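Structure first, then comments.
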Amino acid sequence: MINPISFRPGPVTFWTTLVYLALLIPIVIINETVPPAPAAADDGKIEGVNLTEAWLDLTRITRGYHPYNSRFNEEVRGYLLGRVGEILEGSGVGGKKGNVTVFDDLRSNVTGLMAGSVVPTPGSAQVAAYFEGTNILVYVRGKGDDEGDWWRRSAEGGEMEGVRKNERGLVLVNAHYDSVSTGYGATDDGMGVVTCLQVIKYFAHPDHQPERGIVVMLNNGEEDYLYGARALGQHPLNPYIHTFLNLEGAGAGGRANLFRTTDREVTAAYAGTSDPFGTVIASDAFGLGFIRSGTDYSVLYDVYGQRGLDLAFFKPRSRYHTNRDDATHTSKASLWHMLSAAIHTASKLSGDTGDTFVGARPDGARNKVRNGSPSNGVWFDLFGKGFVNFGLRGMFAWSLTVLVATPLILVLATYILHKLDKYYFFTSSVRTYDQPDFEPVLVGGWKGAFRFPFAFIVSGALSLAVAFLMRKVNPFIIYSHRYSVIAMIFSLFYFTFWSIMRGANFARPSALHRGYVNIWLFILGWATLVAVTVTEDRFKLGAGYPIVFLQTAVCLTTFLTLCELFALPKKTAWGQQVREDHEVHDYYQPQSGNNNTRTESPPPLPQIPHQPSLVPPATRDSNASTLRQGDGNDTDDEDAAVPTERTPLVGGGNATSEHFRTTFATTYRRSITALVNGARKYGQDGDEPFEHEQAWSGRLPSWLWFFQFLILGPFTIILAAQTGLMLVDAVHQTGADGSNLLLPYLIVFAFTVLVLLPITPVIHRISHHIPVFLLVVFVGTLIYNLVAFPFSEESRYKVYFVQQIDLDTADNRVCYNGVDEYVHKIIAELPSASGRNVTCGESKRAELVSCCYDGVDVAPRLGSETPEEDTPIEEIYKSLATVTATRGEGNKAQLEIEADNTKACFLEFKQPISGFNVQGGSEWDDRFGQFPEGGIKQLKLWHRQRGERWVVDVEWKDAEKLEGQVVCAWSDANEAGTIPALDEGLRYSPVWAAITKFAEGLVEGRKGFSV
């Protein structure tokens, strides 16, 4: 019976294929599905939380586009205030009664530098903004919080009314209720908003009062540049917020991903959720800029110093900021995934009554909250059910241990094997005697030594070549066919690696093949771990944890590789046995020719004993010379008798028998029975070498490979596969944003290599069936990926829309920004562009082009009142915005801006201004950056109410006069006909195209000024 785990093609093929399928299939399913929401009958799975109610709220607030600069945004705000009141009334509290206080914040204004404008070039002009907030905050008093309105400041001196006794800090749960002007905001961020409503409902219930106070904030203006979170900085509760949970949506459904956390301690609050999902690799990718997306997390952590988590939907990105970010294209399951995680995490953060989030900051920043000393963490989920969270310092210590200790252990094992004469690696032959006249015995220990690096380089090079080919020929194919790309690169690497390793082993079979691969994996992993350890220490990155686990496993498998050599005989003993077998063979071999012939430099003996030749046939011609033996004075070789069938097998004491000695001229002699038995021991059951491998390899354990594969394979496959899929999902559709088109392919390649590394030591034993099948897969997917159209109705290409109007001349242009090839295809389908001259140039978005045409046929209707039919278009546009510039003393001026039916106007200056003041606004907030030495080149102005006037005092240096433009933005496209160009684009663009906003305004109206 064949050993089911023997190192033979059948068992190796079966077990490796089974393990890969058993792990990869569930990982793909988990990646593509969402844990089911509780049934309607079990809607109260979490006491006090109602999923049906939350879903109904979602459908209400996503009936229209609701950017900050829209009328429906105001309706959404009113609806949310009403829902908060209903929830509190249902919980037995209302307004400021009891343990809950509602803040309808219409007072917080913020003036400061735009974070994205901060550049390292000294003296460069930058961008500033003035914003008026409309946030809604609900404070749920904790059991340990002070009584009364402890947050109020006295009118005199700005000091607290009293010293707050509880220093444990508050927990913030945050979401934004505005959407982009081209998306309904179901996922971004409607689900976060309705989750916040349920969080209020849960903690407002008397039975669920939190230990530490919880602040639920529904902020407004996030989409235009995180303005709502900036306005929080002016609220009296903000200094007491120590931790936060930010709820976001950078996709349109799926699972809510733990995208970022500030430290290990806050991550622990999330760890116990029923369906965790996320990895620290995504967090580090954000920090390094590989994933472009800004959320309120940036303000809460970077500016205010709060510690917290970013829980966000992240796919599919093709629906993000489009009209398919609606309730139809998401699910209750996705909502429940975020809602259940938010309730759990907020409860854990609030329930920490120790000193975890209290105390001095390690950076000593005085303008940030004192919330203790965080520690960097490493975290990831397992199959969407388990969650691992440990300290980065611990991983750093373990990395150092692996780097230092494991080479020493392997060196020690190698030394012991060498002393025992059992180290077969890197040994070509062995000498059994010290005399130079005796030729060495071949061991074959170098066979297979350099196969792995050659196969790895060739397979990797071919896989990378295919990735670059895709980038060159059809770069967006991964946009909608990522699994086709994954299958292509996976199958190519597998087949190429197998072909080289199997071919090399066929040409020169080696029992050390698996061992050499483990040694190479150790060397490669050790070098990689050095780099990972440096990033852990210097840059505080935990993304290298798969390498740490992989190298730990490789160290163990390499150690086992050395340990199995202990089962082998000593090299010299084995060599002597081979020599003896050859002695018997040559002793009985019939000989002819000159018996004095002797080779000057005898070749090494072959390693395989001539067992069938121990008893020679009766008739056989041979060119072997006759042998002689003597004491140096006996040279009578010619008298030596040729043995025949009558010659005794065992020599006697007579003189004649003394002539029958071996070719090795040794005085060592054994009985023929001992020689035969010694030779036969290599042919006993279980000791036979596999096929044509080295004869001594028959004693190697045939089952050890199985346990080595279990050590190296499953955990590495799990980490690499689920992390790779998550990262590919995060970036494979970012090419439309102008991101690097090669990056998704490189991620696929890198994690393909990681997934397949565990099989490399045994891949040469796999039968041809799997590799040939994968070759067919590669050919099919390669052809498909080269010729298929990259977009589909389910994965639409996003193009960026803006309409620009000169309010003085009434000239207007419709512009689409994107990749040149596809922008032209989209514009070609638009009736208003037919026959028009389309001009293209560089876009403000990197790596994209801007293609524009005359929009006279699709002129927007932006005013709050409908003009008379015979009113000239020039007069209509001139009345949309006015700017009055009044010169003051020196280089000072006052600008008065009024705009109809909008809340946003921006001032652009030809020469930077050195100072400004918005009358009725707030002072400059240094937390967002010092006033730049190079001045301000653009000032963005936002009002709470549409149609209000801005009065801005400015001053400048050097120039005699100040020139610039006022750019007002209109973003409300809910009423058909308001922006006909957008309506036309949504109606007539190809089914594979989606339209999203280019900037804050769908329409930008410009008017110049000079003073």
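Numbering starts at 1 and runs along the chain as it is shown here.
For all residues, glycine too, the Cβ spot is worked out from N, Cα and C.
Membrane topology of Ser274 relative to Gly698, as recorded in Swiss-Prot: opposite sides. Of the residues Asn371, Asn623, Asn837, Swiss-Prot records the annotation N-linked glycosylation site for Asn837. Per Swiss-Prot, the candidate among Asp188, Asp352, Asp355 that belongs to the Zn(2+) 2 site alongside Glu223, His321 is Asp188. Asn50 is the residue among Asn50, Asn654 that Swiss-Prot describes as N-linked glycosylation site. For the annotation N-linked glycosylation site, the record in Swiss-Prot points to Asn99 among the listed residues Asn99, Asn595.
Remark: His321 (Zn(2+) 2 binding site) has Val180, Thr182, Gly183, Asp188, Lys798, Thr996, Lys997 as non-local neighbours, by Cβ distance under 8 Å and separation of at least 6 in sequence.
When Cβ-Cβ distances below 8 Å are used as the criterion, the topological domain 'Cytoplasmic' (505-514) is approached by residues 7, 424-425, 444-445, 447-449, 451, 561, 689-694, 696-697, 700, 705, 708, 761-762, 764 of the same chain, each at least six residues removed from its ends. Under DSSP, residues within the topological domain 'Vacuolar' (471-483) fall into helix, strand and coil as 9 helix, 0 strand, 4 coil.
If you take the CA of Glu223 (Zn(2+) 2 binding site) and look 10 A around it, the recorded positions you hit from Asn31, Asn50, His176, Glu248, Asn837 are His176.
Fewest Cβ neighbours within 10 Å among the glycosylation sites Asn50, Asn837: that distinction goes to Asn837. For the pair Glu222 (active site, proton acceptor) and Asn31 (N-linked glycosylation site), the C-alpha distance works out to 28 angstrom. Under the three-state DSSP scheme, Asp188 (Zn(2+) 1 binding site) falls in the helix class.
Ranking the recorded positions Asn50, Asn99, Asn109, His176, Glu248 by the distance of their Cα atoms from the Cα of Asn31 (N-linked glycosylation site) places Glu248 first.
Long-range Cβ proximity for Glu248 (Zn(2+) 1 binding site), meaning a same-chain Cβ under 8 A and a gap of 6 or more residues, is found for Ala175, Asp188, Asp189, Gly192, Phe259, Thr295, Asp296, Tyr297, Asp310, Leu311, Ala312, Phe313.
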